[in-house]
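Some notes on the structure that comes next.
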Amino acid sequence: MYRYLSQTGASVVLFIFSCLIPSSILFLALQKPWKGRALSNQQVVPSVINGVITALYFILWGKGLKSCGPVRAILAEYSGAVLGVLSAALYGRRGHIWKKVMVGGLIAMLASFYFLSQGWAMATYSPFNILVQIQFFSLNLYPTTEDQTEEVLGMGEMVVPILAGILSALRRVIARRVSLKNQLKRRLNAITITSATCFIFPVAMWDFIIGSTSGSSVQLPFSTWAFLSTTLFGVILIFYVDSIAEERLHMVFSSPRHLMAAGGCIIVMEIVYNMDFSLPGFIICSLILGFGIYEATALERGKKGSFQQSDPLDGVLEDQGQMSPLPT
């Protein structure tokens, strides 16, 4: 997806819309939300609203991917852990927890994003590249071809993928709060993706009209592999993988364990696609980001422990105590 958008200059909104259409049709065909037990308005309305958030998330994430590159866009999605800082501000009662979350978590995450924007994860700009490039030169881990070298950015350019990460965390929280049952969650996800497709439709059409009247090429370039891989892996399978990771492995998004697993996949894909990649710089940025996520979610872990140690006063409190931990 990154190569297609960066090399062809295709519209991010139109590409996302073309991927959401078959995804929504497939989700509706598989889940059939109109069958089974009737859904209440308390479940349908938040799912539709979540579709608006999902549409905005896909647009911002695609634009961040096009401008910042895959490593920065993927790691910036973990910025949703800042919602843990917000929960600490709203519900934290002990001063040392608030200080720990703010100083240890937020600053560490911002430092990681700053180092990523300065190119620490790229072999061309990484300060650690000179020390280890000689050792790994024979393995060709540090290609420096001009067409695959990204640019050094400022924190201003990182705002778009960071906002996308916060929206991603928000839509996950809404989906988790609306439904606790796996089957019901799948039915509501079909409604959410369909709603996102409907809300992104006028934006895509407006982008197409503006692009046509501005004198640009009306015949848009198209890549079958970019379209199929984004639809299959980026929209469809990622929902089922996240569900299995949460329910079976207890690995929620925006957690250090999830970041460690994603980091290993990023390393493999960067090497396979022969990108401008610095392994030591990426590891250091990931470690700093993982520390920030761990500190930012400290309050949620404390709340989970207090729920498990205390007797629930009513059914609502008991349901909250049985819910999976929310790092965001």
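Cβ coordinates are placed from backbone N, Cα and C, and glycine is handled just like the others.
The shown structure was predicted, so the numbers you read here are calculated from the model rather than taken from an experiment.
Look at TrEMBL and you will find 12-31, 43-61, 103-123, 152-170, 190-210, 222-241, 253-273, 279-299 tagged as transmembrane segment. According to TrEMBL, the feature region 'Disordered' maps to 305-328.
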In contact by Cβ distance (the transmembrane segment (152-170), the transmembrane segment (43-61); 3 or more pairs under 8 Å):
yes
Counting only residues 6+ away from its ends, which parts of the chain sit with a Cβ under 8 Å from the transmembrane segment (12-31)?
1, 4-5, 58-59, 62-63, 66, 186-187, 189-190, 193-194, 196-197, 200-201, 203-204, 207-208, 220, 226-227, 230-231, 234-236
Within the same chain, where does the transmembrane segment (253-273) have neighbours whose Cβ lies under 8 angstroms from its own Cβ atoms, ignoring anything closer than 6 residues to its ends? I mean 6 or more beyond.
3, 70-71, 74-75, 78, 80-81, 84, 141, 168-169, 172, 242, 245-246, 279, 282-283, 286, 289-290, 293-294, 297, 327-328
